[in-house]
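Since the structure comes first, as structure tokens, the remarks are kept for the end.
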Amino acid sequence: MDLWPWLTAALLLLLLLVQLSRTARFYVKIGLYCVLCLSFSAVASIVCLLRHGGRTVDNMSIISWFVRSFKYVYGLRFEVRGQKKLEVDGPCVIISNHQSILDMMGLMEILPKRCVQIAKRELLFTGPVGLIMYLGGVYFINRQRARTAMSLMADLGDLMVKDNLKVWIYPEGTRNDNGDLLPFKKGAFYLAIQAQVPIIPVVYSSFSSFYNVKTKLFTSGTIRVQVLDAVPTSGLTEADVTTLVDTCYQSMRDTFLQISQMPQNSAIKEPGVVPAQ
């Protein structure tokens, strides 16, 4: 039996659905995003292995080059302010808000040299994506085992000073698209104080004008990115963590609402702090 007529009919039906249904367009674009991530990860892994031979933070420049091309497929544009503030010579902790699977594009758009990320351990087992993250020097944390996570963070504090690394962390701990920031977890701030390195907050505007899972919206759009002034931790101790969290949270929330053009009284009204994981 010849399958080509059926395949052609299915493709035409899919194209018709994409044209008529916003929900269909949404899932097609999400599916394409997943395909891009898998295929580009496989290709980038080969390039990284040929170029550097294994796991190293230097592979991040290769990964960044691949991921930055995604924005052209989706018609996304980044307006970045203060990017030079990330070009510090020494180690630091970079924190940013976390909204969706599209955050990877925003991260790679401004990723500084010698910068690694903290990610949940489950991502290590996502095929080519997990492989390329491993090759890029990403540190994986088992969030179900607090002692293991704390031990890794302690080791990372020593390593980032020794190897002059920048560490990128999402202090909200999970994706959040409610139009505001979630309370911050304390892990990133303990790490910065332990290593006595500055914290550099990075804020991305809300994606809601072009990407919304609930309404199945996914169109082209502009993402505004604001890099804030570094917050020093020299001389601070663990007793100062709560104050440090509140300071960073409030400045990032104010900036988020401003660049997202949202009212200042939306959602969470006071800076919240939850225990470190």
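A Cβ is built for glycine as well, from the same backbone N, Cα and C atoms used for every other residue.
Annotations in TrEMBL come from automatic prediction, not curation.
Residues annotated as signal peptide in TrEMBL: 1-23.
Here TrEMBL flags 30-50 (among others) as transmembrane segment.
Residue counts for the domain 'Phospholipid/glycerol acyltransferase' (92-207) under DSSP (helix as H, G, I; strand as E, B; rest coil) come to 47 helix, 26 strand, 43 coil. Look at TrEMBL and you will find 92-207 tagged as domain 'Phospholipid/glycerol acyltransferase'.
Positions annotated as transmembrane segment by TrEMBL: 123-141 (among others).
In the predicted model, the domain 'Phospholipid/glycerol acyltransferase' (92-207) shows an average pLDDT of 90.
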